Amino acid sequence: MSQNKLAALIILDGFAIRDEVKGNAVKQANTPNFDRFWNQYAHNQLEASGKAVGLPDGQMGNSEVGHLNIGAGRIVYQSLTRVNVSIDEGDFYEVDAFIKSVEHAKKHDKALHLFGLLSDGGVHSHINHLFALLRLAKKHELENVFVHAFLDGRDVGPKTASKYIKETQDVMDELGVGQFATISGRYYSMDRDKRWDRVKKCYDAMVYGEGPSYKSAQEVVDDNYANEIYDEFVIPSVITDDNDEPVATIKDEDSIIFYNFRPDRAIQISRTFANEDFRDFERGDKAPKKLDFVMLTNFSETVDGYVAYQPVNLDNTVGEVLAQNNLNQLRIAETEKYPHVTFFMSGGREKEFPGEKRILIDSPKVATYDLKPEMSVYEVTDALLKELDKGEQNAIILNFANPDMVGHSGKLQPTIDAIEAVDECLGKVIDKITELGGHAIITADHGNSDEVMTLEDKPMTAHTTNPVPVIVTKDDIELRDGGILADLSPTLLDLLNVEKPKEMTGNSLIKK
């Protein structure tokens, strides 16, 4: 195979197709380059949610799920689906890591702390998994069970915390097990960009009982709302008892079960509790030691602890197939989506394949990306164009983060600005690839920026279930209907004249 063979997979993160113009940044943005490629080349749309990506029917897709399905070239049944089935069939209550955790707490008269994202968004966690853990604690007759709730407001509506707090309180009251101990917005507890000052605020509330104090979880929300601070950004707060003491703090040898299933935003805070050698901030003299730490799924090799649900092994992902065929590949993205084009695209593998190069461009250090809608798209593009000029790569996997990351703000104009910046860069990248005799697949992993405001003009910060576009920049071809994300890697391999492996049950979108 000639070394000048070139094909690219370009993922416009959070960019989907929706007819309604109102609240739709994709429709309202000026996108001359995307429109040019859509009109010039074969195009269609792909399902990127629900059963098409291994999620429950009607469940919106997300970046982790999307990149896993894309890279695997097959439908990958997601952790949400696996755990739901496990609860329904009763296996959940027999999982070794859970049993050891509750038995450890019971035997040593220690507390069991349950923490995770408190919503039914289904992107990072699901509240039903917390309820199942509370039932497990009840079954084992545990008394000291505490919930450290991370409020969402991003994968669900921005002001929905009260609903989830009430649902959780009702379950705890019904079972006679569990109390809220701390409440934090996910902005603090689930940072993934090394903003350790945020994580420390959450840690200090959970370990030292430091932070604003309230008598109930609902009071935390009410007070923050009064100051126009909504779910995602709620300041880490401590629930106190009748003596104004914290209901619970995390102490030596306590048990912790972290019920998020998606790794990327769970890693940093996990390391603060699980890793004895943690050094990213000073944890203080009373940092709890010898904790029994359980992750719902395998968050990372960098987190010490037990894993409840081990990953499903994915062989022959697109990166592995490219390496087997002695083709060079480049993975490039800015920080926010770097794990997606590397770890998730490779089926949960951290290490590069032979011939794989990775370029990480730092995302801008701003509080929220609506303040800088272009993010680092120009820097990503410049780095890629330089790499293309070298002529060393055969396959490019590129992610433009902006439509998703700015779309999460629920602010229409910044999201339009984000998409227009991406469109400018998309034009440069495709023109360069075409000049070099290569082809590209332009697509997305899920919806978001296609619905930033509701029809009632309220911010819509969650993903959507809308189909995503696919364009293949090759003349004289047609694309078939009925495509899903799992068909993208077989299509990329097709452009490179590489046979797809039997493990890839997806099929090339190019009509034969």
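Using N, Cα and C of the backbone, Cβ positions are placed for all residues, glycine too.
According to Swiss-Prot, the features are:
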ACT_SITE  Ser63  active site, phosphoserine intermediate
BINDING   Asp13, Ser63, Asp445, His446  Mn(2+) 2 binding site
BINDING   His124, Arg154, Asp155, Arg186, Arg192, Arg262, Pro263, Asp264, Arg265, Lys337  substrate binding site
BINDING   Asp404, His408, His463  Mn(2+) 1 binding site
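Positions of Swiss-Prot features highlighted on the structure.
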residue	record	Cβ contacts under 8 Å, 6 or more apart
Ser63	active site, phosphoserine intermediate	Asp13, Gly14, Lys337, His340, Phe344, Asp404, Asp445, His446
His124	substrate binding site	Gly116, Leu117, Asp155, Met190, Asn260, Phe261, Arg262, Arg265, Ala266
Arg192	substrate binding site	Asp264, Arg265, Ile267, Gln268, Glu336, Pro339
Pro263	substrate binding site	Glu64, Thr297, Asn298, Phe299, Ser300
His408	Mn(2+) 1 binding site	Arg154, Tyr369, Asn448, Thr461
His463	Mn(2+) 1 binding site	Gly14, Ser49, Met60, Gly61, Asn62, Val123, Asp155, His446, Gly447, Asn448
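Comparing the binding-site residues Arg265, His446 by how many other C-beta atoms lie within 10 angstroms of each C-beta, the top residue is His446. Looking at Asp13, Asp155, Asp404, Asp445, the binding-site residues in this record, the fewest other C-beta atoms within 10 angstroms of the C-beta turn up around Asp155.
Report note: the Mn(2+) 1 site is defined by Asp404, His408, His463, and the residues of the same chain whose CB lies within 8 Å of the CB centroid of those residues, excluding them, are Asp13, Gly14, Asn62, Ser63, Arg154, Pro403, Met405, Gly407, His446, Asn448, Ser449, Thr461, Ala462. For the recorded Mn(2+) 2 site, residues Asp13, Ser63, Asp445, His446 set the reference point as the centre of their Cβ atoms, and the other residues of that chain within 8 Å of it by Cβ are Ile11, Gly14, Ala48, Gly61, Asn62, Gly66, His67, Lys337, His340, Asp404, Ala444, Asn448, His463.
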